[in-house]
Amino acid sequence: MEEKGYTQDGTVNLRRQPVLSSKTGKWKACAFLVGYEAFERMAFYGVASNLVVYLTTQLHEDTVASVRNVNNWSGAVWMTPIFGAYIADSYLGRFWTFTFSSIIYVLGMVLLTLAVSIKFLKPTCINGVCNKASTSQIAFFYSSLYIIAIGAGGTKPNISTFGADQFDDFDPNEKRLKVSFFNWWMFSSFMGALVATLGLVYIQENLGWGLGYGIPTIGLILSLLIFYIGTPRYRHKVRKTNSPAGDFVRVVRAAFANRDLEPPRDPSELHEFDLQHYVDSGKRRVYHTPIFRFLDKGALKEARLGVSPCTITQVEGAKLVLGMSMIWLVTLIPSTIWAQINTLFVKQGTTLDRHLGSSFQLPAASLGSFVTLSMLISVPMYDRYFVPLMRKRTNNPRGITMLQRLGVGFAIQILAIAIAYLVEVKRMKAIEAHHILNPKEVIPMSIFWLLPQYILLGVADVFNAIGLLEFFYDQSPEDMQSLGTTFFTSGIGVGNFLNSFLVTMVDKVTSRDGMKSWIGKNLNDSHLDYYYGFLLLISILNLGAFLWASKKYVYKRESNVEAKDENVEIECKPLETSPLGLQV
């Protein structure tokens, strides 16, 4: 098929016909995808960045309740992709799962715009006195939010992996292009977030919430039209198994059934199909690795009666899932730190002097734009300067390994939360010096004191967010790449839920017996500095756990198998030059 100019990885069009390499895929196809991503991120951050302000000022919830509700919704947005990815990998494929989910997403945005625009759907205010939201108003508002979460479940894990599918791993030139894909994919995401945090939050607070939500809704609809214009250029991967997750279950079941047997020291004695099977099926053979050796019992040729042996490739797929789970666990605390940007950082900013000049007042959520700006500056610098520089030293196509990238990001994030702690200590001293107790009284301290923590978290995310997305996509078993990407999204989701749990428990524990709560309704009479100190401590401990997990992790090694002139050729494809995460 290569002689006819078709793609070498077996991708097809919507009619399941082979596609020409010159007319499909690559950046010409991805241009339509990144446009959607920019508008989708604008819509998401247009809601998420200022949601805590809407809940406290419009629905009149207290600080702890609003932080908890924002975290719970954000957590749902990042957890539902587990189901969307499973549906894509097992039934509909990425394109059609994305299509149906995007309709649900748009429906949620339309309903949310109505919820903040129509008079009888929001609380009324008379002479400055506002009523609390009714049960029906709250139900309609939160139903709209969670419809968005359901829609995001099918779009988030599939649009980025669908973009990565546009590059042929069997073509050396396209494989090189793919190295930069996730960097520039996230760059478009940051652009959408920047528009939201710079423009939309100002529109929401000064020109109306309906307009502030309506603009990204219209943008999202237009981006979908642009996405479908590019349909003739898209490549679609053929699903090679009906139940990708089923292999993991079969391996665990077989290993448990053979638990009393000893696996051989020589992996060649384990069960594996011959090379011709992989030629005929188009699948990739995965090489044996020494970790999680108990799973090797699932590939014993002399298995228990009634137990069908799994192949080494299937066993290695299960090992990859366990290995990624180990890394996933140590990303939860960093995700908890990230959750502060749209919650406590915003509430902290509302207590400070936000004036620019004599009349203009900066919305507290707009400071989040500096997270995005630092990302937008850092991504090109990382891709164009840092990677080539490190590539010369390490001979790694990525410059540094994926886990090294994560380690650098986590370290920068620790520095950011340390600065957040010091700034909060300064804010508490300003409150004490000026005897401020009223929750609405502005502290004579500029909001721009918060700027360093926002900028550092943006730089950290260039290493963290992009690194995690790339890591979980690359290290997933071949037929589980959408589901594998949900390790990235679910980590953020659980981080939000974890932050919601921590905020609730810290408030309950620290307010016992009449003590001053660390996170009370009145941030001017709380101890937020203690909470940031607590986050700093667990972040340092988590970095130690990450270093341990990364040294235990072994990267996937697979082969591309092709048949030419009736001879079998094998190309070993190690995804990293270093077998250990943080070692060069």
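Glycine too: its Cβ is placed from the backbone N, Cα and C atoms.
Summarising the annotation, TrEMBL assigns transmembrane segment to 95-116 (among others).
Proximity of distant same-chain residues to the transmembrane segment (184-203), defined by a Cβ-Cβ separation under 8 Å and at least 6 residues beyond the stretch ends, is recorded for 30, 34-35, 37-46, 49-50, 160, 163, 211-212, 215-216, 363, 365-369, 371-373, 375-376, 379-380, 383, 462, 465-466, 469. According to TrEMBL, the transmembrane segment annotation covers 184-203 (among others).
The transmembrane segment feature in TrEMBL is assigned to 209-230 (among others). Long-range contacts of the transmembrane segment (209-230) within the same chain, counting only residues at least 6 positions beyond its ends with a Cβ under 8 Å from a Cβ of the stretch, are 29, 31-33, 35-36, 38-40, 42-43, 46-47, 50, 54, 58, 102, 105-106, 109-110, 112-113, 116-117, 196, 200-201, 203.
What TrEMBL records for 320-341 (among others) is transmembrane segment.
The transmembrane segment annotation in TrEMBL covers 361-382 (among others).
Proximity of distant same-chain residues to the transmembrane segment (403-423), defined by a Cβ-Cβ separation under 8 Å and at least 6 residues beyond the stretch ends, is recorded for 327, 331, 334, 337-338, 340, 345, 449-450, 452-453, 456-457, 459-464, 466-468, 471, 529, 532-533, 535-536, 539-540, 542-543, 546-547, 550, 553, 581-582, 584. Positions annotated as transmembrane segment by TrEMBL: 403-423 (among others).
Same-chain neighbours of the transmembrane segment (454-473): 160-161, 164, 182-183, 185-186, 324, 327, 331, 334, 337-338, 341, 345, 367-368, 370-375, 378-379, 382, 402-403, 405-406, 408-410, 412-413, 415-416, 419, 481, 484-488, 491, counting only residues six or more beyond its ends whose CB sits under 8 Å from a CB of the stretch. The transmembrane segment annotation in TrEMBL covers 454-473 (among others).
Long-range neighbours of the transmembrane segment (485-506) within the same chain, counting only residues 6 or more positions beyond its ends whose Cβ lies under 8 Å from a Cβ of the stretch, are 64, 67-68, 71-72, 74-79, 81-82, 84-85, 156-157, 160-161, 324-325, 328, 331-340, 343-344, 468-469, 471-473, 476, 517-519, 531, 534. The transmembrane segment annotation in TrEMBL covers 485-506 (among others).
Listed by sequence, the residues of this chain that lie at least six past the ends of the transmembrane segment (530-549) yet keep a Cβ under 8 A from its Cβ atoms are 326-327, 329-330, 332-334, 336-337, 340, 344, 406-407, 410-411, 413-414, 417-418, 420-421, 424, 503, 506, 510, 518-519, 581-582. If you look up TrEMBL, you'll see 530-549 (among others) marked as transmembrane segment.
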What residues elsewhere in the chain lie close to the transmembrane segment (320-341), defined as a C-beta under 8 angstroms and at least 6 residues from its ends?
71, 74, 248, 286, 291-292, 295, 368, 371, 403, 406, 409-410, 413, 416-417, 420, 454, 457, 461, 464, 468, 471-472, 475-477, 480, 484, 487, 490-492, 494-496, 498-499, 502, 535, 538-539, 542, 545-546, 549-550, 552-554, 556
